[in-house]
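Trainee: Quick paste from TrEMBL:
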- A:18-37: compositional bias 'Low complexity' (COMPBIAS)
- A:790-802: compositional bias 'Basic residues' (COMPBIAS)
- A:67-466: domain 'Oligosaccharyl transferase STT3 N-terminal' (DOMAIN)
- A:596-652: domain 'STT3/PglB/AglB core' (DOMAIN)
- A:1-45: region 'Disordered' (REGION)
- A:775-802: region 'Disordered' (REGION)
- A:66-88: transmembrane segment (TRANSMEM)
- A:132-152: transmembrane segment (TRANSMEM)
- A:164-184: transmembrane segment (TRANSMEM)
- A:190-208: transmembrane segment (TRANSMEM)
- A:258-278: transmembrane segment (TRANSMEM)
- A:285-305: transmembrane segment (TRANSMEM)
- A:317-335: transmembrane segment (TRANSMEM)
- A:347-368: transmembrane segment (TRANSMEM)
- A:406-428: transmembrane segment (TRANSMEM)
- A:435-453: transmembrane segment (TRANSMEM)
Amino acid sequence: MAEPVTVSDNKHKSQVNSGASYSGNGRSSAAAAERSSGGSGSSSGAGAAGGGLSGGLTQPAGWQSLLSFTILFLAWLAGFSSRLFAVIRFESIIHEFDPWFNYRSTHYLSSNGFYEFLNWFDERAWYPLGRIVGGTVYPGLMVTAGLIHYVLNLLHITVHIRDVCVFLAPVFSGLTSISTFLLTRELWNQGAGLLAACFIAIVPGYISRSVAGSFDNEGIAIFALQFTFYLWVKSVKSGSVFWAIGCCLSYFYMVSAWGGYVFIINLIPLHVFVLLLMQRFSRRVYIAYSTFFIIGLVLSMQVPFVGFQPIRTSEHMAAAGVFVLLQVYAFLQYLKDRLTRQEFQTLFFLGVSLAAGVVFLSVIYLTYTGYIAPWSGRFYSLWDTAYAKIHIPIIASVSEHQPTTWVSFFFDLHILVCTFPAGLWFCIKNINDERVFVALYAISAVYFAGVMVRLMLTLTPVVCMLSAVAFSCVFEHYLGDDMKRQSPPAEDSSDEDDRKNAGNLYDKAGKVRKHVSEQEKAEEGLGPNVKSIVTMLMLMLLMMFAVHCTWVTSNAYSSPSVVLASYNHDGSRNILDDFREAYYWLRQNTEEHARVMSWWDYGYQIAGMANRTTLVDNNTWNNSHIALVGKAMSSNETAAYDIMRSLDVDYVLIIFGGVIGYSGDDINKFLWMVRIAEGEHPRDIRESDYFTPQGEFRVDKAGSPTLLNCLMYKMSYYRFGEMQLDFRTPPGFDRTRNAEIGNKDIKLKHLEEAFTSEHWLVRIYKVKKQENRDRVEHKLRSSNANKQKYTSKKTSKRKRGYIRNKLSLKKGKKLQKKFL
Amino acid sequence: MASVLVKSSSNLPVLLVFSLVLLCLPPGGGQKKKENLLSEKVEQMMEWSSRRSVIRMNGDKFRRFVKAPPRNYSVIVMFTALQPQRQCSVCRQANEEYQVLANSWRYSSAFSNKLFFTVVDYDEGADVFQQLNMNSAPTFMHFPAKGKPKRADTFDLQRIGFASEQLAKWIADRTDVQIRVFRPPNYSGTIALALLVSLVGGLLYLRRNNLEFIYNKTGWAMAALCVVFAMTSGQMWNHIRGPPYAHKNPQNGQVSYIHGSSQAQFVAESHIILLLNAAITMGMVLLNEAATSKGDVGKRRIICLVGLGLVVFFFSFLLSIFRSKYHGYPYSFLIK
């Protein structure tokens, strides 16, 4: 941990030296301006202990390592256990939607082997199109879980693959905190690293994607992200091919795990580019980036889903451009030795601007001619923030793709969101190569998190790191014991000394010590009282952070959403298990190849839990297919029946929350179905038809007739009008929308109710087969000719005698004179 | 036919009515007259629209060219109030969109005499507003070539907004005329950028002998923090969603700066949060400064306490705002 790292010659000595106190590499530094602190390595609460221990121990470095290991282990343990709320409250179950698909494919992988998995064509999804799963997923997650399962079984620890999947994300959170520790240690010092590890272990912004049961790409991807960054920083610092190759391998793992790898492949070139601009080019950067780019490119193309994208899409072009630029720059640097100063300046200026221009123009040209695909919609919407709203309703419809309010920032990061700018400030004030990286990371991540809620995930690690830097600075200055500092451990030597003469580490120790004690005198002024007040309050804030994290995790992020819970007044809990009830019904009672139509949200769950064929699912790759389902849901029954017959639908599954007041049901999502359908079929579906003339979306009597007769409405409220939930409300009262429904007398002609779960949450309808004989809509035509023949020519008038002005007698009425 | 016309413009002298009626009398003249009138009207409209893509109308013109048959052309009318004293900012925005749309139609290859864009300002044709029972501006209406406008011929401004793409969609729906909206490229952004770049470039050139300030870390750090504060206080949300600055309760006139729900925010609120975050960050920096700077002990102690106060007080304030928005949040610090 405290091994001396010789930093090779640095031509920006002046900058580095001014920040030498911060660039202590695992050792606390005692450089010119700053005072040293022997316990800086253990400032995360363990500093107090460290102070007491270091005096009487011969090998403080050993104690430091032990403390670090203990803290990291505890962070792992805390992170793991705070993610277990859902397992303890409910059971070991896969959560939400996407994890069900991941689980299903992991299951397939573990039972059929890797090659079968790569070639898997899933005929159960996107009926009738099917889906090539092997080529359309990031396989890292499944392979990781499958591998762990395989190894465990090899050791005769027999666990079900489901348990591996459920606990994968919490286990990886521990690895994330370790790699965050390593990265922060490279950037600042060990104390900040330990704080960062503790922060990221419990911060809600990361827990939201990695609770037990949330078996999703992000769970392992954040580990890969942090580890790649650590290796990158390491390779930039050391300039060794070894670390650069390690970085590539880690990058390969990231590419195989999550689409967010694009962030890495843009951030690292940006880092190199900014280093060039700051004239911080060095051979180390050259070696690191050249190795990373080439090997990383080749490795990333090995993932089937990524394929040739790295050389054919705009998202990856920045990396290639910077690579070319770097080569040109390096070449010019080489020429520098061979030319006079004047010649070189002209050549340099011309060369660099020419190279930049050529790269830029060729990218534009290639994009224009179609060799390079332009930005895909999801990425484009990050820059042009109004783009998705207008052009791609399916992206805009996902709640994760909404912009972020300050409340979400505070909710997910609490104190860290207010303090991490301070860390950024310290980093920029004491800049060096790797701190340029973390500053760029912070600024780009905070922008992306502002645009999209889900990208809060990439912001969280850097916030933890920078906050740790800020807190570590404060603790370093306020936590230490005044007495202890008079005898700093011999290991403490400044980086300055290190650089000047890396060999004799101990020669300068005496000088340093003197320097420190000078500093001490000035410092004692702050006094122990002020120091302890500051320390107390800071620790209190951190304690509040821990409490907040636990509360948020427990209340907001630990619900499986497959199983719902409701609480009574006395605090007892009701479990609503309607989803699984219904899916199990489908599994048991329908034919094996039955096709189930539902809105895309439930596709993965139907496939995973009910094992039935679905039409659309959460992999929203085919917008027109989804629009067709949306059109069926929003048309009237007859039109919908035609669509359903053309798609061979056997069952329709909908979610209806009106009985228990569940707000995430299909009627609330209905407008999105209409919008998506309208996007593809503007002639048949019009959003305005589903509103009242006042522009409201209402399900009661005032609602628009198109809405009251569309398939979704009919299926949701079929026989709901007969149901009175309690005595204060009329029958057919929808609790979610607080309205009495407008169409209580719903008759279904082509569908019949097949199953409704206990709380009506899931309703399944069977689509009737077409009748053998078409029933005729209109009355049979009665032929006139026949009739006339039968009644002959005698009309009623002719049959009987007919008297004009005949008296008509009315019974019970007295004839009066005047009538006669 | 002519009599209808006369009737509608009631302020014409009676004599004229008679002469017009007399003119109409000759047999067969009615049909011919109608055609003449029609072609005259179309010609007039074409002439106007060749001069300006949106035809301004007053009450009389409106009745003659838009309301009265015979017509074989559709007319889109924007009823608006553009006079400055009306203070209708929405009208001005809508007018811009409308101009964009009308120009796209005017200069498109499909331009014909089937569709005209007109505008009626309240201050020029208040009687039209009264006649149509209209009490809000702007309003877009379509007058079809045949028959009277139906309900759907009034553009639903409240729900769809007045973007010209939406207007074009609505027109395509009502008249079967497809207009591809062509926005004149907005050069203002480019020009501003070019100005900025040239300004910065010029400044750099002028001070080329003294480029120290580029290496000024404080400036860069400030810039970075500005970005961070803007994002963490939700300015991007404001940019995309466009919330009001603050909410004024119409009943008692109380202005609330903090939105009651955790799903939304006001602009004022995000500014407050920005300041709070900045204050806390500054507190942290001051704490560090107090410990590291060399100087008078008393002064440093004060800096230290100020920094601590900033952190603790503003954080508890922030927490209390959060608590008021996120219902059911149990924790608070110093301030309830």
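For all residues, glycine too, the Cβ spot is worked out from N, Cα and C.
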Trainee: For the transmembrane segment (A:66-88), give me same-chain residues lying six or more residues beyond its boundaries with a C-beta closer than 8 angstroms to one of its C-beta atoms, as numbers and ranges.
Mentor: 1, 41-42, 44, 46, 49-50, 95, 166, 169-171, 173-174, 177-178, 181, 190, 194, 197-198, 200-202, 207, 210-213, 549-550, 553-554, 558-560
Trainee: Express the predicted model's confidence over the domain 'Oligosaccharyl transferase STT3 N-terminal' (A:67-466) as a mean pLDDT, rounded to an integer.
Mentor: 88
Trainee: By DSSP assignment, list the helix, strand and coil residue numbers for the domain 'STT3/PglB/AglB core' (A:596-652), in that order.
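Mentor: In the domain 'STT3/PglB/AglB core' (A:596-652), the DSSP-based counts are 33 helix, 7 strand, 17 coil.
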Trainee: For the transmembrane segment (A:317-335) and the transmembrane segment (A:190-208), check the count of CB pairs under 8 Å (sequence separation 6 or more) and say whether it reaches 3 or more.
Mentor: no
Trainee: Determine which residues of the chain contact the transmembrane segment (A:164-184) at the Cβ level, with the cut-off under 8 Å and only residues 6 or more beyond its ends counted.
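Mentor: Those are 68, 72, 75-77, 79-80, 83-84, 87, 92-94, 99, 102-103, 106, 141, 144-145, 148-149, 152, 192-198, 200-201, 206-207, 209-216, 219-220, 222-223, 226-227, 229-230, 233, 461, 464-465, 468-469, in sequence order.
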Trainee: When you check the transmembrane segment (A:285-305) against the transmembrane segment (A:258-278), do you get at least 3 Cβ pairs under 8 Å, counting only pairs 6 or more apart in sequence?
Mentor: yes
Trainee: Restricting to the same chain and to residues at least six past its boundaries, which positions have a Cβ under 8 Å from a Cβ of the transmembrane segment (A:190-208)?
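Mentor: Sequence-remote neighbours of the transmembrane segment (A:190-208) are 1, 26, 28, 39-44, 46-47, 64, 68, 71-72, 75-76, 78-79, 82-83, 173-174, 176-178, 180-184, 222, 411-414, 416, 456-457, 459-461, 463-465, 467-469, 471-472, 475-476, 546, 548-550, 552-553, 556-557.
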Trainee: Under 8 Å between C-beta atoms and at least six residues away from its ends: which parts of the chain pack against the transmembrane segment (A:132-152)?
Mentor: 102, 105-106, 108-110, 114, 117-122, 158-159, 161, 164-165, 168, 215-217, 219-221, 224, 253-259, 303-305, 619, 621
Trainee: Below 8 angstroms Cβ to Cβ, which residues of this chain, lying six or more residues outside the transmembrane segment (A:435-453), approach it?
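Mentor: Answer is 19, 187, 229, 232-233, 236, 263, 267, 270-271, 274-275, 278, 280, 381-382, 385, 399-404, 408-409, 420, 424, 427-428, 459, 462-463, 465-466.
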